[in-house]
């Protein structure tokens, strides 16, 4: 069997958990055994962290595969996939590891399962270095569903750093194939909205301060739009631990959604949290693309699997996106090209990512 294993270098490019997520999801979908070496080689704590291990375990369970080297700190794994099946699957990071990253690895696989799936994902819902669950629901979900599938995402309980303790239930049905997307027309911004939240021991005043600071910051650039950022206190029975943060979404006339978000932490002024999110949003609006920096790389695997040509206009290509493209091309027959967008005003840093998808067909349907 070893002769047929695809070798993956987990230390190149972005060099983090994303390489594991993309390559194990594609391994599962394509029935390709893989070996990943040098996992997170450049990180301060190399090897698998609890969150990466939970991601590998849910993929293993989804397809009754075989995982070797699956322990915390391991820098090499081998994975032999089986057949993807539906049903209920549970993944628990037992830390504040992101449930959204667990969703990222499992979702492409269950789309090609034999029957509907329910993923019960436990961990952090609003974690550093990962999309917040609010981003997943408000931005990722409506855009990724353009590939012609739908899913339901129910936030049972929010969980924050350091313990996690959140739970999200995702339900989805399999599809025969994915349609390509064409996201190249940005249109004009028609509304800006969001939520600033506090949970646990924090007062609602912090949420109001984050919201007000964000609005002031956006107002300097965009004067004529109503901005609605709701301050919210998460109900105690629906949140575990103490946390705060903000997400702000801009919607355009063509249905594009771009966002900026930020998390509060001890010693960080709440105005600063609001301003940080507003500045990220404004930066994403400036480049003229149809997706923001956080969505760019999350769409790559779906573009690779879709049948036909997908096109996406974005700002500067992130290292995460370059990494996702590299491994999608290594493992599938998809072909990507990235070109500087010509019709834009030359001062704008806009690119078009085009992909001839491999046209994955669900053998079970």
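Backbone N, Cα and C define each Cβ position, glycine as well.
Small disclaimer: the values here were computed from a predicted structure and weren't measured.
Listed features, source TrEMBL:
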DOMAIN    13-338  domain 'RNA 3'-terminal phosphate cyclase'
BINDING   104  ATP binding site
DOMAIN    184-285  domain 'RNA 3'-terminal phosphate cyclase insert'
ACT_SITE  320  active site, tele-AMP-histidine intermediate
- request: Take the Cβ of residue 320 (active site, tele-AMP-histidine intermediate) and count every other Cβ within 10 Å, whichever protein chain it belongs to.
  value: 19
- request: Can you check which residues sit near the residue listed as 'ATP binding site', meaning Cβ under 8 Å from its Cβ, same chain, 6 or more apart in sequence, and list them in order?
  value: 21, 298
Task: Please list, for the domain 'RNA 3'-terminal phosphate cyclase insert' (184-285), how many residues fall into helix, strand and coil according to DSSP.
output: 35 helix, 37 strand, 30 coil
Query: Over the domain 'RNA 3'-terminal phosphate cyclase' (13-338), what does the predicted model average in pLDDT?
result: 97
